[in-house]
């Protein structure tokens, strides 16, 4: 007997959305934010890591408390897969991620170069896995393993291209918004409007920005979400904060609007992530 479908879905939605604020990838937004702020990827994730860890710890304790509240018991030992054999059987899938993080953090490569070599590593692993698992003599395993591996790579590229279509469209639309804000001075107008409505109260301003982020982030993928909320609201927070006597680090402001933009996925009335879980 486990969690009810509603609670299990809620925990899964929270864990999935939190994955977008957890380094190293953060739904690809990490690379965009670092570039817009003019800082290195390593500098950015050192700031983003602690809030993400705290969020997951909170989710873990909530799930633990809910389990105790409903008297749930742990699985039988015989039903739990052996840890090390299970881990070792899939450890090779972590290698591309390790390569990506190593190149970004240790070698300080650019995001494009690091991702490129991570993809090459993944291709080698796919082909190597096919060769290893195929039965037959050494020559057959080598030849047919390469052929099947290349087929898997091609299928993955096709699937990736198809999945990127809605994301690319959303980012293109976000680019239009960003361009319009930059060319028309809309950001300055928003500063004036928000300042008037908030009455110069910085804390009321933050509440208003939170609400606006939830509205602007509705239905947008991670990267487009960040581009929209950062273009429209980050400058508002910085300018009014400075006028109120607060010195706000840019990275803190951008993470603030980014986090609440993501919360649109779990916030009614839209809550696309919650909608998907309920299905």
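Backbone N, Cα and C atoms are what each Cβ position is placed from, and that goes for glycine too.
Just so you know, TrEMBL annotations are computer predictions that nobody has curated.
The domain 'TRAP C4-dicarboxylate transport system permease DctM subunit' annotation in TrEMBL covers 2-278. Mean model confidence of the domain 'TRAP C4-dicarboxylate transport system permease DctM subunit' (2-278) amounts to 84 (pLDDT, 0 to 100 scale).
For 21-42 (among others), the entry in TrEMBL reads transmembrane segment. Residues 48-49, 51-53, 55-56, 97, 100-101, 104-105, 108, 111, 221-223, 225-227, 230, 250-251, 254-255, 258-259, 262 of the same chain lie 6 or more positions beyond the ends of the transmembrane segment (21-42) yet place their CB under 8 Å from a CB of it.
Sequence-distant neighbours of the transmembrane segment (48-65) (same chain, 6+ residues past either end, Cβ-Cβ under 8 Å): 11, 14-15, 18, 21-23, 26, 30, 255, 259. Look at TrEMBL and you will find 48-65 (among others) tagged as transmembrane segment.
Under the heading transmembrane segment, TrEMBL lists 86-105 (among others).
According to TrEMBL, the feature transmembrane segment maps to 111-133 (among others). Tertiary proximity for the transmembrane segment (111-133) is limited to same-chain residues at least six positions away from its ends with a CB under 8 Å from its CB atoms, namely 31, 34-35, 41, 92-93, 95-97, 99-100, 103-104, 141-142, 144-146, 148-150, 152-153, 156.
TrEMBL lists 168-190 (among others) with the feature transmembrane segment.
Among the features that TrEMBL reports, transmembrane segment is placed at 202-220 (among others).
Taken from TrEMBL, the feature transmembrane segment covers 226-248 (among others).
Annotation source TrEMBL lists transmembrane segment at 255-277 (among others).
Distant neighbours of the transmembrane segment (202-220): 170, 174, 194-195, 228-229, 232-233, 236-237, 240-241, 244, 246, 256-257, 260-265, 267, 270, 272; these residues of the same chain sit at least 6 beyond its ends, with a Cβ under 8 Å from one of its Cβ atoms.
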